[in-house]
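Participant: Starting off with a structure, shown below.
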Amino acid sequence: MSSRELVILSVGGVRFVTWASTLQQFPESRLARMVNDDDPEFKLVNGEFFVDRDGALFSYIMDFLRTLQVSLPTDFSDYQRLQREAEYYGLYPLADLLSQEHLLKPKLEILEVRFSLQEMQAFFRIFGSCSTTIEALAEQITVFTGQQSGQGWNSPFTSQKRLVPLPLERPSHHDVVFLCGTEYSAGDQVVARYVSIKPDNRKLINGTNVLGLLLDSLLKDGFRLISTRTVASEEKVECYTFERMKRAAGLAIMVNQTAGSSGVAQARRSQMQKGR
């Protein structure tokens, strides 16, 4: 069968359509031998190969053949069954990756938001167990500063005023600090700090509004609020704790093609960090 021919498989009643070349990624596998009509167990019936195996698990095997990496849902738990299916099809590099279950399982991620009000300013500190999440939040949050004509906490943003973006404070890789509101500077000038959180385009000065937008953004990003407490009542410091299951790094096969070979000559393990 030509590598550019379409192949139809019915695996446990679930139908898959793919290129022959996809199934030939690993020439020693039973799927490659099936395409080459070299495995007596798999027969072509009415233009389809029928395979009496688990169709739902085979979808992950097809994803691996198409991408050469293992990336499973955060709620996936059938590692041993999927490994057994990989061994059945003769996909031993995949079975080898699945044996590293501790690397594939999602990790619990904790994030804490501390919020305090002091006169006309609100202070925020976000601490997270995952530095990449903090990096992503730092890119979403922008603080703008400028002269404020009004002197009230709820004074609206004046588009005629030129606002300058400020860099966020990063005490460490695991936290970010910023503030909003107004304060007096030299000459009784009022300096205002507005906060914008992507993808929302508003520039907010009211700390309570910023807090609401920040918490809503975290909930939409898959976090779950697990506790709310007052850390220091005299300073009005509130603490919001979130958690979520973070997808693990994808394990990938790096392949080397040798001259004249018709498929994968060698395979080695590596890790590829997947984005949020």
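For all residues, glycine too, the Cβ spot is worked out from N, Cα and C.
Sharing the record's features from TrEMBL:
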- 5-106: domain 'BTB' (DOMAIN)
Participant: To what whole number does the mean pLDDT across the domain 'BTB' (5-106) round?
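Facilitator: Mean pLDDT, the domain 'BTB' (5-106): 90.
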Participant: Taking DSSP states H, G and I as helix and E and B as strand, how many residues of the domain 'BTB' (5-106) are helix, strand and coil?
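Facilitator: Tallied per class, the domain 'BTB' (5-106) gives 44 helix, 20 strand, 38 coil.
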